[in-house]
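Report on the following structure.
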Amino acid sequence: MFSKALKSFPPRANWAMKPQVLQARFMASVAKGTPKPNSAIFAPERATFTIRDGPVFHGKSFGAKKNISGEAVFTTSLVGYPESLSDPSYRGQILVFTQPLIGNYGVPSAEKDENGLLKYFESPSLQAVGVVVADVAEKYSHWTAVESLSEWCIREGVPAISGVDTRAIVTYLREQGSSLAKISVGEEYDADQDEAFVDPEQINLVAKVSTKAPFHINPGNSNAHVAVIDCGVKENILRSLVHRGASITVFPYDFPIQKVAHHFDGVFISNGPGDPTHCQKTVHNLRKLMEVSQLPIMGICLGHQLLALAAGARTIKLKYGNRAHNIPALDLTTGRCHITSQNHGYAVDASTLPSDWKPYFVNLNDSSNEGMIHKTRPIFSTQFHPEAKGGPLDSSYLFDIYLDSVQKYKQSQAAFQPGRDSRPSPLLADLLGNERVGVQTTIGTQSTPESVAPVLETPISPTMAAAA
């Protein structure tokens, strides 16, 4: 179909004619019913990117026509903008890309894999509140693409600006630190009349991205049952567990997991956005979990920070954070260096770790803590993302280490209790339903596949509420 629209354009030798003529010819072809091109940028409005107490940058809008504010952060990732922008860890932030050209391979479809997990995104929606690029591709080309970056931003209601000096923006953020900023769309910009700067870290962002109700994923060949605490979990984290044979039950971030821990073989704490100190309920629940259970535990990113707080350590805010796909992290147990994918503005203060914990990884760029491990128990966590998406898979083996400890724990429990009834208790059965081979993926706006029965229609059952 698109070839019909292309035929309305003059031969390549005549493409030197005025852009207005080309646009007029194309619009005429559209009026006849031929499809539009893969870009929504014909007459972009003026847009302004303003850093609080800092410079003002003027460019062109290619997203939603509205004004927003948030924390301005930057990523040096060369590729993976669909994964980055859909990462719940970016909730409340305006993402500045250092890569000069963004959008050249478009935005893929919301296709799901055999377990109902999104193939190309890390959540069902665009999580960043704003997008800043030097140059946006008006034409895209990739076999998975179904729309342009501009069309995605407009559909998701996210403002975006191009044509600004991202080198100057990143230099400012690097020198002054992550700052509050806003994107204003319109020809007339008046700083005095524009909306105030809003600090997203003053609110509990995790509560906005965490699942509202527990759900279950059973790959059909399950060899272990893992409880996942959803603080804004990425799809590829769930996929990394399921593809290794784990059956998982995902709980809201503030669910009292210690109440049902004995029904699981391990606990996993996910990534998420914002200040970890906002999640005091989660910290309390993790502390109680470690007191009453010997379950293997693994945490990633925010999960690493929450586990550290539960252990008694402290967290600190970094000047401008680490957001890239090429950050070196040293494994202190083996001396090996891994190239890692990272997205965080806070870090664990390794000097405050209790005596029964030790650092696991260290950042070779800024010497910040990248992981910790318990000296005697199967508990560890990393600040970086071993599941990547995007980024390298150097450290994906950590999922194997974790699930190996889960298997050993499961076998030890079977040895101690050889006659233990493997059927779930009424409490857990009430939560999960009787038979759930398949997936229910009600994360945010995700819908349940028609072929799979729903796991939980209401947020929490009366039995579960009483137990909590």
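Each residue, glycine too, has its Cβ placed from N, Cα and C.
For reference, Swiss-Prot has these:
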- 1-27: transit peptide (TRANSIT)
- 225-412: domain 'Glutamine amidotransferase type-1' (DOMAIN)
- CYS301: active site, nucleophile (ACT_SITE)
- HIS385: active site (ACT_SITE)
- GLU387: active site (ACT_SITE)
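Neighbour list (HIS385 (active site), Cβ cut-off 8 Å, at least 6 residues apart, same chain): LYS234, ASN271, ILE300, CYS301, THR340, SER341, GLN342, ASN343, GLY391. Counting only residues at least six positions away in the same chain, the Cβ atoms of LYS234, ASN236, ILE237, ARG239, SER240, ILE300, SER396, PHE399 sit under 8 Å from the Cβ of GLU387 (active site).
When Cβ atoms from all protein chains are considered, those within 10 Å of the residue listed as 'active site, nucleophile' total 28, not counting its own. On the 0 to 100 pLDDT scale, the domain 'Glutamine amidotransferase type-1' (225-412) averages 97 in this prediction.
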